[in-house]
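A short worksheet on the structure shown next.
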Amino acid sequence: MVEKADFNEIEYKANVLIEALPYIQELNGKIVVIKYGGSAMVDDLLKENVMKDVALLKSVGIKPVIVHGGGNEISRWSKYRGLESEFYKGLRVTDTETMEIAEMVLGSVNKGLVSYMESVGVKAVGLSGKDGFTIKVNRKLVDGKDIGFVGDIESVNTDLISILLDNDYVPVICPIGLDENYQMYNINADEAAAGIAVALGAEKLGFLTDTEGFYLDFEDKSSLISRISVEEAEKLVEEGRIEGGMLPKIQNCISAVNGGVKRVHILDGRKSHSLLLEIFTNQGIGTLIYKSEEIL
Ligand SMILES: Nc1ncnc2c1ncn2[C@@H]1O[C@H](COP(=O)(O)OP(=O)(O)O)[C@@H](O)[C@H]1O
Ligand SMILES: CC(=O)N[C@@H](CCC(=O)OP(=O)(O)O)C(=O)O
C-alpha cells in the first residue's frame, strides 16, 4: 500500500518530469554544447554526475557536444615540470614546452571524460581540434602582444562532429587546433566551445564553471547577475571591469550570442545537476547572456 506521504512524493516527482516536457519537445533533435571547465571537474563523483546529465539529454533526443578545458591541470603539470604559469587577459602564455604539456594534459582529460560517458551507457568519441582538421587557427595577438602558441580560431569544420552526431555518438572535444602549416596551438576552451557552438548552429551553450555565475563585483557575492545583455557585457569588457578566467568566458558568451546561439548560460558546475535544472526547469540559475532585442 502507498502511504499518503509517499504519494505526495510520487506526485512531486511526476510534476518535475511533466515540467520538463515542453523543454524536451523544444530541444528534440537540437544541438546543445556544454563547455566543461577544468575548475568544475572537482572530483570523480561530480564528473560522473555531469556525464549522467549529458546522458539524460541524449536519451531524450537532444544532441549534446562536450567541449572541455583543464587549465588547472595544465598549471599543475607545468609546476611539476618547473615552469611558472603565466596568463595574459585570461589566456595562458604558451611556449613550446607548455604546448606539449597542454596537449598531454588535455588528451588525458579528454579520454577520462570519454570513459565516464561510456560508463553511463553513452557512446562517446574523444577528439581534439586537430582531428579531421576540425579547428583551424591563426596565431593570436592580444593587444598586439604575442603570447606564444595560442590559437585564434579562424574556422571550425563541422564534418567530423556531424558524422559522430548522426551516428549517435557524443563528441568530446579538447581545445587544440592547427594552423595552415599544421603547427598545433593551445586554444582557450571557452573560445573553442563558442566557435564550435556557432559553427554547429547550436541551440544552447552552457559553460559549467566554479562560480554560481557572473558577479558584477567578484568581491561581492550578492552581486550575482541572473541575466545580462551582450551590449551591457561588451560595455563591462571595454571598461576593463572583468578579470581572470571570467574575461574570456564573457567575451566568448558575447561572440556565441552574436554568432546566433540562442541561449548562452554560465552555470555552477560544482553543483550536481545544474545543467539539468537549467535545461529542464523554469528555475533561473546561473547567468544568462542574451541579445537585448530578443524577447525572453
Ligand atoms: N566577475 C566574476 N564573476 C565570477 N567569476 C569571476 C569573476 N571575475 C573573475 N572570476 C574568476 O573566474 C573563474 C572562472 O574562470 P576559469 O577559472 O577560467 O574557469 P573554467 O575552468 O571553468 O574556464 C572563477 O573561478 C573566478 O575566480
Ligand atoms: C590559451 C589558453 O588559455 N588555453 C587554456 C586551455 C584550457 C582551458 O581553457 O581550460 P579551462 O576551461 O579549464 O580554463 C589553458 O592553457 O589553460
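Every residue gets a Cβ built from N, Cα and C, even glycine.
With Gly70, Gly71, Arg92 listed by TrEMBL as binding substrate, the candidate from Asn181, Asn186, Asn252, Asn258 annotated for that site turns out to be Asn186. Taking each Cβ in turn and tallying the other Cβ atoms within 10 Å, the top scorer among the recorded positions Lys35, Arg92, Lys249 is Lys35. All protein chains included, Gly71 (substrate binding site) registers 24 other Cβ atoms within 10 Å of its own Cβ. Binding-site extent for substrate: residues Gly70, Gly71, Arg92, Asn186, maximum pairwise Cα distance 12 Å (rounded to the nearest whole number).
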